[in-house]
Amino acid sequence: MMRRLLMAFDFDHTIINDNSDLVARNMLKTTIPQEVSNLYRTDGWTAYMQCIFKLLKADGFSPLEVQSAIKKIPHTPGMDALLRGLHHRGDAEVIIISDSNSVFINDWLENAAVDHIVNKTFTNPAFYDDQGLLNINMYHEQDWCKLSTKNLCKGHILQSYVDERAREGVKFDCIGYVGDGNNDLCPCLKLSASDLAFPRKDYTLAKMISKENFDHKISAKIHLWESGHEILDIILKHLPPKQ
C-alpha cells in the first residue's frame, strides 16, 4: 500500500514556539546548584532535566502546575493549520521525533486537540510517580552517531520507522522533515532526492547548513520556513493531493 507522504517533526521550536524543558525550568524559584548545571556536560540533557524535575517538586510545584505551563506554550505560527491540512489530505502520516519527553508532548497535543493527527511519537519516556515527581528516561543509548546526543539519534529513528512501515507493506512517495536544531541534521541526511527538508529560518539547523564549510550532503530539496503555512504550500505544490 502506498502512503504518499510521511511528515516527521521535531517538537520544541518547531511544533511549539518555545522549548518545553526550558519553560519547566524557568518555573523554578530557587537557584540551580552548580553540580546540577554541570550534569548537562557530564551526563547529558536527560540527566540534567531529571534533576530539574526534582527541584521543581522540592519548590512545591504540583504536576498540574507544570502541566498548565506546558499547555500554555503557543504553537509556532501556522503549525496548527499545517497539521490539520496534512490530516485533511488523507494520504499522510505524521510522526514526532523529539528530545523533550512523552508527558510534555502528550499534554500539549491533547490540549491543542491535534493528538489524533500524530500517528506516533518518538521521545524520552516519562511518567509521574506516586509522589508527584516527573521521571524521565533516555529513549535509547546510542554510540553510533556523532551528530546526535547519546539518548536520541533522530536519523536512526526516522530510518527505522520507514523500514518498519515498508515491512508492513507501506511505502512513501515523499518524506518531509521539519526541524530547527543541531540534532535535526542527522534525519535530514537520511532523506533522498525526492524528499523535502524544512529547516526553520534563522535557527541553528538553517545556519549550520548555510555555512561555507558545511561538509555534509543533504540530498533532499531544502526549504527554509517561518510559518507552517509556507510548509503546507510547498507540500501542495510538490505532492498535490489526489482527487
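Just so you know, glycine gets a Cβ as well, placed from its N, Cα and C.
What TrEMBL says about a protein is an automatic prediction, not a curated fact.
In TrEMBL this protein carries:
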type	residues	note
BINDING	Asp10, Asp12, Asp180	Mg(2+) binding site
ACT_SITE	Asp10	active site, nucleophile
ACT_SITE	Asp12	active site, proton donor
BINDING	Asp21, Asp99	substrate binding site
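Known features from TrEMBL, placed on the structure.
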residue	record	CB count, 10 Å
Asp10	Mg(2+) binding site	25
Asp12	Mg(2+) binding site	23
Asp21	substrate binding site	21
Asp99	substrate binding site	27
Asp180	Mg(2+) binding site	21
DSSP-derived structure type at Asp12 (Mg(2+) binding site), helix or strand or else coil: strand
Which binding-site residues sit within 10 Å of Asp21 (substrate binding site) - Cα, from Asp10, Asp12, Asp180: Asp12
Asp10 (Mg(2+) binding site) to Asp99 (substrate binding site) - Cα separation in whole Å: 8
Sorted by sequence, non-Asp10, Asp12, Asp180 residues with Cβ within 8 Å of centre, Mg(2+): Phe11, His13, Thr14, Ile15, Asn19, Ser98, Gly179, Gly181, Asp184, Arg200, Tyr203
Alpha-carbon spacing, Asp12 (Mg(2+) binding site) to Asp99 (substrate binding site), which is rounded to whole Å: 8
